[in-house]
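Annotated features, as they stand in TrEMBL:
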| type | residues | note |
| --- | --- | --- |
| DOMAIN | 1-58 | domain 'Fibronectin type-III' |
| DOMAIN | 64-159 | domain 'Fibronectin type-III' |
| DOMAIN | 163-252 | domain 'Ig-like' |
| DOMAIN | 259-353 | domain 'Fibronectin type-III' |
| DOMAIN | 359-454 | domain 'Fibronectin type-III' |
| DOMAIN | 460-557 | domain 'Fibronectin type-III' |
| DOMAIN | 561-646 | domain 'Ig-like' |
| DOMAIN | 657-751 | domain 'Fibronectin type-III' |
| DOMAIN | 757-817 | domain 'Fibronectin type-III' |
Amino acid sequence: RESDHRAWTPVTYTVTRQNATIQGLIQGKAYFFRIAAENIIGMGPFTETTKEILIKDPITVPDRPEDLEVKAVTKNSVTLTWNPPKYNGGSDITMYVLESRLIGKDKFHKVTKEKMLDRKFTVEGLKEGDTYEYRVSACNIVGQGKPSFCTKPITCKDEIAPPTLDLDFRDKLIVRVGEAFSLTGRYSGKPAPKVTWQKDDIVLKEDDRIKIQTTPTTLCLGILKSVREDTGKYCVTVENSTGSRKGFCQVNVVDRPSPPVGPVIFDEVFKDHMVVSWKPPLDDGGSEITNYIIEKKDTHKDLWMPVTSATVKTTCKIPKLLEGREYQIRIYAENLYGISDPLISDEMKAKDRFRVPDAPEQPIIKDVTKDSAVVVWNKPFDGGKPITNYIVEKKETMATRWVRVTKDPIFPGTKFKVPDLLEGCQYEFRVSAENEIGVGDPSPPSKPIFARDPIAKPSPPINPEAVDKTKNSVDLSWQPPRHDGNGKIIGYLIEYQKVGDEEWKQANLTADSCPETNYKVTGLTEGLTYKFRVKAVNAAGESDPAHVPDPVEVKDRLEPPELILDANMAREQHVKAGDTLRLSAVIKGVPFPKVTWKKEDHEVSPKADIEVTGVGSKLEIRNTVHEDGGMYSLTVENPAGSKTVSVKVVVLDKPGPPRNLNISDVRSDSCYITWMEPEDDGGSVITNYVVERKDVASAQWVAISSSSKKRSHMAKYLMEGTQYLFRVAAENQYGRGPYVETLKPIKAIDPLHPPGPPKNLHHVDVDKTEVSLVWNRPDRDGGAEITGYLVEYQEDGADEWTKFQTVPMLDCVVTGL
């Protein structure tokens, strides 16, 4: 059945072999086939072809290629061509195989290794004098076909014939502008010569106007729409290995002249005539100027009047003018090929009076660099006499004196490059014109300019990198660009992009918000990955971006805390009372650690100012007092660890009051004072004690010792019977501490002792209930008058004495016994 039909068509029922030939199939159609076996019982099941079979002629190798020819022979190469075979064997040719045989040898050898489909091939690298024959075969999908018929034996040698050259043009050729011209000829030579065209020793190449055509026997150079620049000496060179031939032609492309060169100079001006001059045209059109045509025009009229057309000089007298009228002059140049465009003068009034030139208009400043500027101005009215010089002056904007920029004359140009400016200074410029009458007024000053190089955009920043990160920020750092474009870098723009997004977001809106070469990008989302880039900005604009090489994942970077102590955090810190205590340290760690200051494991005083920045912490106590001393500790802690440092602070102050002031050994003229050192020496060694006294009736304290280092003093020279107060203070190098004072006055009297025992006690009378006693005075009264005698009695054998009475005299009657 056909592959696109479903119905089966019987081919035969009577096949007894295991093969069959099916006739009547259509070429190009695809078919399926099936077979069933049959015996006397009946037909068995069919077996079907698994895939369709396309009907087409069987493929064979190709026929032999035809017309194998030798096209060129040199001493080391042979060039061959051939035509394809008449029949390709039913399949496309896939390549050709070229073979050669050295005459005298039996076998052919392949010439080409690579696959070749071109039907032209140059066999190179042959040996001069060797003789070869060649054949070529075609290959298709089946294989390689029969080889072509062999070439005749070919001997490697150059075919030599020196070049010949036959030109169709003369030595000289004149062409009008806009016309085309061509240089043609014929040539020959073996090997085939190389043809080269030159103009004024420069090799010509084809373009829109120049056309070069070379066949094996003819050569041609054609130029369309010739211009003056096509004038020159043309040369064609025909060259092969045996020699060369050259042909020359001088081509002159002619045209009418260019206009005379201005400005028209009014050499003399009078009320009825003028004398003007000019310069010849820059281009005479390739032909000598035959004459100039001069015309004049009253500016009130539109009519140009002829003056002369027969002068070859570049000066002319303009006659028959009306006094006070303004005139313009125009001048044409003429040669054999036409008249130029005109040169038109400025307006000039016919009058005898001459004056200095007018002031030029305000000059324009261009091309400013750090040390030069170009001043450009327009030519002013010359006052009737030709301008012979311009004077350019400069001054700094804040100065008052104008300075000439050069002593050399500036003429006829109306611009000048001013050198030797000072970089960064602001300048103004003005221009005056000069003729033979004198120097005219200066122009208005130019707009001020700063002497500095023009600014270009900077190059990108160098080596941007992410130097730190947290869970919501990334710290970037980079180096300034190699080139600032001659302008100060205003700052940097930082942009970031979430990986996967297309949009870049700005981390800072203006460049001046990031003048340094680092920046913290904040507000990022923890766990996401970002790209970063940095641009440098100067007054000219933004640089190209510099990218941080790798994307950065935003998360906390854990680094244990680190403390770098400042000098004021030494183990012991002394500070004078009243001064300011400062304790500080540089703190590192990621995330930034929590900072805690303590004194003796308690909170520090409320008067302490504690400051924590992103790089450290500082504790400051102004007007320190002694109580501010003690052991201070600084603790820094983050999830990666903690660290503590301590410093003992000693506030150096005056000492406290001495302790236990005591007065002893009081006499009528002295007493002995003792005390103990103060509990607090103020942090410094006590140098001395000050002892003072005061009469209770006086308001004035009197120093009795101010240099004693001992903790006692004998107070002398007291007035007997006078009551005194005493006080003591300690001193160290920071001053005198508070006094400690006696609580009650001390009277200057000798000390009192008990009197001695009465002497010679005896009785003078006895009764049954009483005894009369007498005695003598004791030897010592104890320092005071005896006021009485105490009489006591005791029963014999008893332990206790019984008081009787005190009597004033030296006798007593004891009663009641």
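Each Cβ is built from the backbone N, Cα and C atoms, and glycine gets one as well.
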Two-stretch contact, the domain 'Ig-like' (163-252) and the domain 'Fibronectin type-III' (1-58), at least three Cβ pairs under 8 Å: no
Average pLDDT across the domain 'Fibronectin type-III' (64-159), rounded to a whole number: 87
Stretch in 1-58, 64-159, 259-353, 561-646 most in contact with the domain 'Fibronectin type-III' (657-751), if contact is a CB pair under 8 A: 561-646
For the domain 'Fibronectin type-III' (259-353), residues assigned helix / strand / coil by DSSP: 0 helix, 51 strand, 44 coil
Composition by DSSP (helix, strand, coil) of residues within the domain 'Fibronectin type-III' (64-159): 0 helix, 42 strand, 54 coil
DSSP-derived helix, strand and coil totals, residue by residue, for the domain 'Fibronectin type-III' (1-58): 0 helix, 16 strand, 42 coil
